[in-house]
Amino acid sequence: MSNSSMSVVILAAGKGTRMYSDLPKVLHPLAGKPMVQHVIDAAMKLGAQQVHLVYGHGGELLQKTLTDPALNWVLQAEQLGTGHAMQQAAPHFADDEDVLMLYGDVPLISVDTLQRLLAAKPQGGIGLLTVKLDNPSGYGRIVRENGDVVGIVEHKDASDTQREINEINTGILVANGRDLKRWLSLLNNNNAQGEFYITDIIALAHADGKKIATVHPARLSEVEGVNNRLQLAALERVYQSEQAEKLLLAGVMLLDPARFDLRGELTHGRDITIDTNVIIEGHVTLGDRVRIGTGCVLKNCVIGDDSEISPYSVLEDSRLDAGCTVGPFARLRPGAELAEGAHVGNFVEIKKARLGKGSKAGHLSYLGDAEIGSGVNIGAGTITCNYDGANKFKTIIGDDVFVGSDTQLVAPVTVANGATIAAGTTVTRDIAENELVLSRVKQVHVQGWQRPIKKK
């Protein structure tokens with residue numbers, strides 16, 4: 001292996017016709033982010049000095065979606081093959097760097113495999129990622145003489161004898177920038193497809209006396225590409241199965257690994273239990289002994305020790321201290337914070353609000369733009385009226401406050417410690433400490449009331 005720096009080229013110019021979509025193929029999501037983003041992330045983890053993204057179809061949308069300033073955008077106006085794509089990027093290659101070639105629609109390539117490929121590359125030669133298949137039909141074959149790689153022949157151009165070869169080209173390779181630029185300049189399109197094949201550089205390198213080293217990926221799924229939605233769905237299942245296996249081996253109890261989706265990163269403590277059909281998005285941290293019920297969605301959350309999220313609750317950009325309970329059917333929106341032992345029950349929505357230690361909102365309530373103290377009881381149907389149609393206002397509730405059912409708190413308003421709000425009250429003014437507040441229409445009784453009769 002050379003000691004030179006390394007850059008990466010990601011080919012992402014294809015139309016993806018078989019996806020039957022207006023979305024560029026490489027932007028279709030896998031595990032919650034675009035396919036090509038998985039490849040970009042791998043390149044960054046490798047320590048690439050620069051990442052060149054070769055684009056064509058849907059370039060404007062690609063650039064709008066992939067906002068990493070480290071990307072160097074290279075246009076391939078016509079799709080004339082992989083060799084042609086690399087020719088567009090070649091002017092950006094430094095002579096003394098290694099250039100690693102990856103694909104935007106091969107999303108599961110691992111950093112470990114790429115590190116082995118870089119390590120195996122001979123000084124001045126080429127590192128080539130290959131696999132052996134029981135049925136290699138349709139793939140380029142690795143041609144060897146006396147064990148040494150001398151070329152790659154595409155399936156359509158292969159002889160009957162060459163088609164018996166079961167070692168195939170994955171398309172992933174690494175070579176020196178100076179040599180690669182020269183070989184790319186020598187490519188032609190005299191083949192059955194009429195395209196410029198990057199694979200032809202293998203024969204050119206052999207003719208120059210360069211060594212070609214091969215490496216196999218740890219798993220076949222690492223080099224499987226996506227051309228249609230069926231293949232994308234299959235790779236999604238492969239990815240999720242791998243993530244579930246890692247979590248199980250790390251001590252997380254997934255009650256059904258086949259019905260768990262990780263679409264981000266999960267940091268966890270000990271003795272976690274996750275029921276079926278749970279989705280984890282973004283960055284989620286679970287403390288010790290956390291229990292997640294079936295059908296929950298957690299995105300960018302921190303969940304404290306001994307907390308429980310009951311079924312079908314949705315939490316986003318929220319933070320729970322130890323011993324909290326949420327749900328079932330609760331929604332915590334961005335900015336929701338629950339102090340130790342707080343409880344949020346069914347059909348309660350919290351947004352940009354903090355619920356203090358031991359406080360409870362059990363049923364059918366909306367708490368937005370609020371600061372709620374400790375030991376507070378929020379009755380069913382309580383609403384913080386935080387929006388006047390133009391601006392948001394805050395509700396402040398002190399400690400040990402009792403809020404009766406069907407209460408409306410019209411912000412901005414402050415409720416002091418120990419206050420009691422009777423059921424059905426609309427609060428429009430601040431409430432002092434230990435006050436009882438109620439606002440109701442006087443109850444009227446009409447004896448012998450006759451209900452209206454429906455006209456026939």
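Every residue gets a Cβ built from N, Cα and C, even glycine.
Quick caveat, the model's predicted, so the values are computed rather than measured.
Feature annotations, courtesy of Swiss-Prot:
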type	residues	note
ACT_SITE	HIS363	active site, proton acceptor
BINDING	11-14, LYS25, GLN76, 81-82, 103-105, GLY140, GLU154, ASN169, ASN227, ARG333, LYS351, TYR366, ASN377	UDP-N-acetyl-alpha-D-glucosamine binding site
BINDING	ASP105, ASN227	Mg(2+) binding site
BINDING	ALA380, ASN386, TYR387, SER405, ALA423, ARG440	acetyl-CoA binding site
REGION	1-229	region 'Pyrophosphorylase'
REGION	230-250	region 'Linker'
REGION	251-456	region 'N-acetyltransferase'
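Sequence features annotated in Swiss-Prot and their locations in the structure.
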{"residue": "LEU11", "record": "UDP-N-acetyl-alpha-D-glucosamine binding site", "Cβ neighbours (10 Å)": "29"}
{"residue": "GLY81", "record": "UDP-N-acetyl-alpha-D-glucosamine binding site", "Cβ neighbours (10 Å)": "21"}
{"residue": "GLY104", "record": "UDP-N-acetyl-alpha-D-glucosamine binding site", "Cβ neighbours (10 Å)": "29"}
{"residue": "ASP105", "record": "Mg(2+) binding site", "Cβ neighbours (10 Å)": "24"}
{"residue": "GLU154", "record": "UDP-N-acetyl-alpha-D-glucosamine binding site", "Cβ neighbours (10 Å)": "19"}
{"residue": "ASN227", "record": "Mg(2+) binding site", "Cβ neighbours (10 Å)": "14"}
{"residue": "ASN377", "record": "UDP-N-acetyl-alpha-D-glucosamine binding site", "Cβ neighbours (10 Å)": "17"}
{"residue": "ALA380", "record": "acetyl-CoA binding site", "Cβ neighbours (10 Å)": "19"}
{"residue": "ASN386", "record": "acetyl-CoA binding site", "Cβ neighbours (10 Å)": "23"}
{"residue": "ALA423", "record": "acetyl-CoA binding site", "Cβ neighbours (10 Å)": "15"}
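Counting residues 6+ beyond its ends, the region 'Linker' (230-250) has Cβ neighbours under 8 Å at 19, 28, 30-31, 35, 107-108, 221, 224, 257-258, 260-262, 266, 268 in the same chain. The Cα of LEU11 (UDP-N-acetyl-alpha-D-glucosamine binding site) lies closest to that of TYR387, out of the recorded positions HIS363, ALA380, TYR387, SER405, ALA423.
SER405 (acetyl-CoA binding site) counts 18 other C-beta atoms within 10 Å of its own C-beta, drawing on all protein chains shown. Spatially, by CA atoms, the recorded positions GLY14, ASP105, GLU154, ARG333, HIS363 include one closest to ARG440 (acetyl-CoA binding site), and that is HIS363. GLY81 (UDP-N-acetyl-alpha-D-glucosamine binding site) has ASN227 as its nearest neighbour among the binding-site residues ASN227, ALA380, ASN386, TYR387, ALA423, going by CA to CA distance. Taking the recorded positions ARG333, HIS363, ARG440 in turn, the residue surrounded by the fewest other Cβ atoms inside 10 Å of its Cβ turns out to be ARG440.
Looking only at the binding-site residues GLY14, TYR387, the densest Cβ neighbourhood within 10 Å occurs at GLY14. Cα distances from ASN377 (UDP-N-acetyl-alpha-D-glucosamine binding site) to the binding-site residues ASP105, ASN227, ASN386, SER405 are smallest for SER405.
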